[in-house]
Amino acid sequence: RKIIFEKQWFYLDNAIGHIYGTTFEVTSGGNLQPKQEVEETTTEAKEAGTDNRNIVDDGKSQKLTHDDIKALKDKGIKGQEIVQQLIENSTTFRDKTEFAQDKYIKKKKKKYEAIITIVKPSTRILSTMYYAREPGKINHLRYDTLAQMLTLGNIHAGNKMIVMETCAGLVLGAVMERMGGYGSIIQMYPGGGPVRAATSCFGFPKAFFDNLHEFPLSQVQNLLCGTLRAEAEESALLQEESNGLSEEKQQETEEEPAAEAPMEISPAEEQDAVDIAAGDVECKENKEKENKDNVREKQIKQWERRKKLKEAAALLREKNADGLIVASKFHPTPLLLSLLEFVAPSRPFVVYCQYKEPLLECYTKLRERGGVINLKLSESWLRNYQVLPDRSHPKLTMSGGGGYLLSGITVLLERGSADCSNSEALKVEEPSSKRCKLQDLPC
Amino acid sequence: MSFVEYGDTIKDGDTAIVFLGHESMFPVKVQHGTVTQTKYGVIRHSTDLIGKKYGSKVTCSKGGWVFILHPTPELWTMNLPHRTQILYSTDISIITMMLELKPGSIVCESGTGSGSLSHALIRTVAPTGHLYTVEFHQQRAEKAREEFREHGVEHLVTVTNQDVCKNGFGVSNIADAVFLDIPSPWEAIGHAKSALKAEGGRICSFSPCIEQVQRTCLAMEEYGFTEINTLEILLRVYNVRTISLQIPDLGKTAEDNSSSGFDSSNPSHQGSPCANLQQGTVQFKSGVPLREVVGHTGYLTFATKS
């Protein structure tokens, strides 16, 4: 399979069988495997200037022309040699300081010596990559912020986590990596299904997915309100050998005609086929069988989906999750006020938001709701350094763009208010008497 | 309770966190018949704690109350008895991610110090991983061992009392990651390399001074480590405050003011904008930085053995 990366294209076939971290050089089309350590092209000419007082930018220091360089490239000459040629044909190179020479070589190497290192996927690699390449898809969640989330959320093996994310499945993948297949995760998703493009990049073993559940966000309200009706509902549904929530049933009936539609079309087509090539009954039968199989497969899939949904609903209904992680494009306040209902007391929760203001509001609303302590609004700054002998300095500051976190710990709500909170926490306005009562909380 | 597994109820022998409010809390060892004094009064362990759910509100003798929390490495970091300078959760989180730690990882650490990072490492590599931690100070090593036992994680950690720069980690070719927090990490890079698995692994060194980083980087290069990367992470915490700013009197009438569109989009303000304007103030919510200056903890240098 052909892959394009940084204006280069190559096939991966040659890379199989090598250990992770192996470096490859790209040739025309395939992969070549050079040594791990490229022997330093020690420019014997250790001549160097001390300053640039005599260096004039006349645009003529490089004696090789554009076309010469292109010719060298077309001949398929090793990048290393091209760099050497460039150095030899640079009139100013010898006058440059040692540091400037170093820099010059590095720059040219980057351009002409195309080397690729193949590494094992991990949260470190993928989150850095996503932040650099497609920050929009992960709501500008910087990798150090993601690291904070995993720690603040006390993510570890054996947890029962609730994750609500619209970060292409990157946050989910990070949580899965830290849980190592132990415990369970319930992913809440908006729309038709969870997005797991980034999750699949991790290459998790199948077993990790056994305890990964999903539950549609649009059913959360039903689940919270329906707790009283749940038993009756369930038994009624069981009689119809159906399951899950009543809403789910409606969805099913909506989906049914859609599933049938293609079946109606294809027999019509077959009719034509039969007219032309009569006697081809066998073929028709086969096709019909295929269709039936398809419908059946669909039904089985649907049935499995509903079964998983029911499992997820049951897990949520226990209201004893070990933590909540939210990182989405949606306003965090309603998500938190609802989803915290499913979390056990004395458990951490972390909400990510690209902007500070929604979290300010969320903070206020959580205080009004109660049942949380140690609320903290934070942001992390990350600074990278260049460390070289006599040339150490910060590389770049990344700030603002990494997003904000609101974290805290759940506690037991007061007996009285705990009962009403199921129904009332969802109404954003709390009774003022309760608010007064909560004001003297020590948090 | 265990630092690597959540429990529902408080049991005899547990370490629990007493939360007094306003970031003020302390750890307590739960024991039958023991009492703990707080500024809100006495907590009697047998009746007030044992058998209660974690996250409960506990009323003290003076009528005041506190919350009892399940211990986590992060809460422990905020409350542990300091025997040395410790690493805080901000640095710990980036270290954990950049070292690619997960359940099953084998990690070497030196020095153990007060065990702040150790608890976080153990939490992450449990239940199938292991931490080999080396501390050259005998008393600190002993104390760490005792704590790990108390916290129910002793099966996941081995504490060795020796000098890592001279004698290494006491293991070879088994680690997925190595962490160094010692004064002269460059002297331990060779030992770190031999502790790491033959097929490779990650290393991190924490140093407060750039000169230490410099020497460490040179040593790493010398030993053939690649992907050498130095970074620093800082945490900014914000207080959520409602701020009101006075509107200056420019001799305009109230109508003029409202037509100039003061903050009409602010939801917290929508309630009674007119009243506010008449009072001559505008209210808004703000995230106010806690401190003026963010401190420096240390430079983190990461590298890969491959």
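Every residue, even glycine, has its Cβ placed from backbone N, Cα and C.
Bear in mind that TrEMBL entries carry predicted annotations, made automatically and left uncurated.
Of the residues B:E135, B:E211, B:E221, TrEMBL puts just one in the S-adenosyl-L-methionine site with B:S114, B:G115, B:S116, B:L117, B:D163, B:D181: B:E135. Here the binding-site residues are B:E135, B:D163, B:D181, and the one whose Cβ sees the fewest other Cβ atoms within 10 Å is B:D163. Note on B:S114 (S-adenosyl-L-methionine binding site): other Cβ atoms within 10 Å of its Cβ, all shown chains, come to 22. Here the binding-site residues are B:G115, B:S116, B:L117, and the one whose Cβ sees the fewest other Cβ atoms within 10 Å is B:S116. For the S-adenosyl-L-methionine site, whose binding residues are given in the record as B:S114, B:G115, B:S116, B:L117, B:E135, B:D163, B:D181, the maximum C-alpha distance rounds to 20 Å.
B:L117 (S-adenosyl-L-methionine binding site) falls within a helical segment according to DSSP.
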